[in-house]
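> Here you go, one structure.
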Amino acid sequence: MDLNALFGAVGAAKSAVDLLKTSVAARDQAKADEAIADAKKNLAIAYDSLLSVSQQSLELYKQVASAEQRINELRQENQRLAAEIEDRKRYVLTDIGGGIKAYAFQPVDGESDAAHYLCQPCMAKGHKSVLQPHGPRRNFKCFACDSVYISEPLSAPSSPLPRTTNFWES
(Lines of atoms letter the chains of each structure in order from A and count residues from 1; the text may use other names and numbers.)
(Lines give C-alpha, C1' and ligand atoms only; values in the text may rest on other atoms or scores of the structure.)
Protein backbone atom coordinates (compact mmCIF):
# COMPACT_ATOMS: atom_id res chain seq x y z
CA MET A 1 0.00 0.00 0.00
CA ASP A 2 1.05 3.38 -0.82
CA LEU A 3 1.82 5.71 2.04
CA ASN A 4 0.34 8.67 0.25
CA ALA A 5 -2.92 6.82 -0.21
CA LEU A 6 -2.88 5.93 3.43
CA PHE A 7 -2.33 9.55 4.42
CA GLY A 8 -5.06 10.56 2.00
CA ALA A 9 -7.45 8.02 3.50
CA VAL A 10 -6.59 9.15 7.04
CA GLY A 11 -7.06 12.79 5.98
CA ALA A 12 -10.39 11.93 4.37
CA ALA A 13 -11.45 10.02 7.47
CA LYS A 14 -10.38 12.94 9.62
CA SER A 15 -12.36 15.32 7.42
CA ALA A 16 -15.36 13.00 7.64
CA VAL A 17 -15.07 12.88 11.44
CA ASP A 18 -14.75 16.69 11.56
CA LEU A 19 -17.74 17.04 9.26
CA LEU A 20 -19.67 14.61 11.45
CA LYS A 21 -18.66 16.54 14.57
CA THR A 22 -19.70 19.81 12.91
CA SER A 23 -23.05 18.36 11.84
CA VAL A 24 -23.65 16.90 15.32
CA ALA A 25 -22.68 20.25 16.86
CA ALA A 26 -24.98 22.06 14.42
CA ARG A 27 -27.80 19.66 15.25
CA ASP A 28 -27.14 20.12 18.98
CA GLN A 29 -26.93 23.92 18.50
CA ALA A 30 -30.24 23.88 16.59
CA LYS A 31 -31.82 21.87 19.39
CA ALA A 32 -30.30 24.22 21.95
CA ASP A 33 -31.51 27.27 19.99
CA GLU A 34 -34.98 25.71 19.75
CA ALA A 35 -34.98 25.00 23.50
CA ILE A 36 -33.80 28.56 24.22
CA ALA A 37 -36.50 30.01 21.94
CA ASP A 38 -39.12 27.83 23.64
CA ALA A 39 -37.88 28.91 27.07
CA LYS A 40 -37.97 32.58 26.00
CA LYS A 41 -41.54 32.11 24.73
CA ASN A 42 -42.59 30.49 28.02
CA LEU A 43 -40.81 33.23 29.97
CA ALA A 44 -42.64 35.92 27.96
CA ILE A 45 -45.96 34.18 28.71
CA ALA A 46 -45.03 34.02 32.39
CA TYR A 47 -44.12 37.75 32.40
CA ASP A 48 -47.44 38.60 30.71
CA SER A 49 -49.29 36.55 33.32
CA LEU A 50 -47.32 38.22 36.11
CA LEU A 51 -48.12 41.66 34.69
CA SER A 52 -51.81 40.78 34.43
CA VAL A 53 -51.88 39.47 38.00
CA SER A 54 -50.03 42.58 39.20
CA GLN A 55 -52.55 44.84 37.48
CA GLN A 56 -55.45 42.89 38.98
CA SER A 57 -53.78 43.04 42.38
CA LEU A 58 -53.34 46.81 42.07
CA GLU A 59 -56.99 47.22 41.04
CA LEU A 60 -58.12 45.11 44.00
CA TYR A 61 -55.88 47.13 46.31
CA LYS A 62 -57.50 50.34 45.04
CA GLN A 63 -60.96 48.85 45.61
CA VAL A 64 -60.03 47.78 49.14
CA ALA A 65 -58.61 51.24 49.91
CA SER A 66 -61.76 52.87 48.54
CA ALA A 67 -63.96 50.52 50.58
CA GLU A 68 -61.93 51.25 53.74
CA GLN A 69 -62.27 54.99 53.13
CA ARG A 70 -66.04 54.61 52.65
CA ILE A 71 -66.25 52.51 55.84
CA ASN A 72 -64.42 55.25 57.78
CA GLU A 73 -66.73 57.90 56.31
CA LEU A 74 -69.78 55.84 57.30
CA ARG A 75 -68.40 55.32 60.82
CA GLN A 76 -67.89 59.07 61.20
CA GLU A 77 -71.39 59.72 59.85
CA ASN A 78 -72.78 57.13 62.28
CA GLN A 79 -70.98 58.79 65.21
CA ARG A 80 -72.25 62.21 64.11
CA LEU A 81 -75.83 60.93 63.80
CA ALA A 82 -75.63 59.14 67.17
CA ALA A 83 -74.41 62.39 68.79
CA GLU A 84 -77.22 64.30 67.06
CA ILE A 85 -79.79 61.77 68.33
CA GLU A 86 -78.43 62.13 71.87
CA ASP A 87 -78.56 65.92 71.54
CA ARG A 88 -82.14 65.84 70.21
CA LYS A 89 -83.20 63.76 73.21
CA ARG A 90 -82.46 66.86 75.30
CA TYR A 91 -85.25 68.83 73.55
CA VAL A 92 -89.02 68.38 73.81
CA LEU A 93 -91.58 69.84 71.40
CA THR A 94 -93.54 72.27 73.57
CA ASP A 95 -96.34 74.80 73.18
CA ILE A 96 -94.70 78.14 74.01
CA GLY A 97 -98.04 79.95 74.03
CA GLY A 98 -100.68 80.85 71.50
CA GLY A 99 -100.51 77.37 69.96
CA ILE A 100 -96.93 77.98 68.83
CA LYS A 101 -94.62 74.94 68.98
CA ALA A 102 -90.88 75.06 69.63
CA TYR A 103 -88.30 72.70 71.07
CA ALA A 104 -87.68 73.39 74.76
CA PHE A 105 -84.31 72.50 76.29
CA GLN A 106 -84.47 69.83 79.01
CA PRO A 107 -81.18 69.95 80.95
CA VAL A 108 -79.60 66.74 82.16
CA ASP A 109 -78.57 66.57 85.82
CA GLY A 110 -75.51 68.69 86.45
CA GLU A 111 -75.84 70.67 83.20
CA SER A 112 -75.61 74.43 83.52
CA ASP A 113 -76.91 75.44 80.07
CA ALA A 114 -79.55 78.17 80.20
CA ALA A 115 -83.14 77.34 79.36
CA HIS A 116 -83.91 78.12 75.72
CA TYR A 117 -86.13 77.24 72.79
CA LEU A 118 -85.15 76.03 69.33
CA CYS A 119 -86.95 76.89 66.11
CA GLN A 120 -89.07 73.90 65.06
CA PRO A 121 -88.79 74.45 61.25
CA CYS A 122 -85.02 74.86 61.51
CA MET A 123 -84.74 71.66 63.59
CA ALA A 124 -86.77 69.85 60.91
CA LYS A 125 -84.14 70.99 58.39
CA GLY A 126 -81.36 69.60 60.57
CA HIS A 127 -79.85 72.63 62.27
CA LYS A 128 -80.34 74.24 65.63
CA SER A 129 -81.34 77.87 65.88
CA VAL A 130 -82.03 79.35 69.31
CA LEU A 131 -85.12 81.59 69.44
CA GLN A 132 -84.32 85.09 70.69
CA PRO A 133 -86.69 87.40 72.61
CA HIS A 134 -88.36 89.79 70.20
CA GLY A 135 -90.64 92.74 70.79
CA PRO A 136 -92.31 94.05 73.95
CA ARG A 137 -94.08 90.84 74.95
CA ARG A 138 -93.06 87.20 75.29
CA ASN A 139 -92.44 86.86 71.56
CA PHE A 140 -89.50 85.16 69.87
CA LYS A 141 -87.63 85.41 66.59
CA CYS A 142 -85.50 82.90 64.74
CA PHE A 143 -82.68 84.78 63.09
CA ALA A 144 -81.81 81.79 60.87
CA CYS A 145 -85.15 81.65 59.03
CA ASP A 146 -86.60 85.03 60.14
CA SER A 147 -89.70 83.42 61.66
CA VAL A 148 -91.41 85.47 64.39
CA TYR A 149 -93.29 83.59 67.11
CA ILE A 150 -96.04 85.62 68.76
CA SER A 151 -96.78 83.57 71.84
CA GLU A 152 -99.02 86.12 73.62
CA PRO A 153 -101.50 87.87 71.35
CA LEU A 154 -102.24 91.50 72.01
CA SER A 155 -105.36 91.85 74.11
CA ALA A 156 -107.77 94.79 74.16
CA PRO A 157 -107.23 97.09 77.14
CA SER A 158 -109.64 96.48 80.02
CA SER A 159 -110.66 100.17 80.14
CA PRO A 160 -110.58 102.76 77.39
CA LEU A 161 -107.54 104.97 77.32
CA PRO A 162 -108.20 108.52 78.58
CA ARG A 163 -108.53 111.11 75.90
CA THR A 164 -105.68 113.51 75.89
CA THR A 165 -105.71 116.97 74.53
CA ASN A 166 -103.71 117.88 71.57
CA PHE A 167 -100.72 120.03 72.41
CA TRP A 168 -101.50 122.37 69.54
CA GLU A 169 -105.07 122.90 70.68
CA SER A 170 -104.27 124.28 74.06
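Glycine residues also receive a Cβ, built from the backbone N, Cα and C atoms like all the rest.
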> May I ask you to indicate which of 22-56, 57-91 is given in TrEMBL as coiled coil?
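It is 57-91 that TrEMBL describes as coiled coil.
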> Could you tell me the mean pLDDT over the coiled coil (57-91), as a whole number?
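Value for the coiled coil (57-91), mean pLDDT as a whole number: 94.
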> By a Cβ-Cβ criterion of under 8 Å, what residues six or more beyond either terminus of the coiled coil (57-91) are in contact with it?
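For the coiled coil (57-91), the sequence-distant neighbours (Cβ-Cβ under 8 Å, at least 6 residues beyond its ends) are 103-108, 118, 123.
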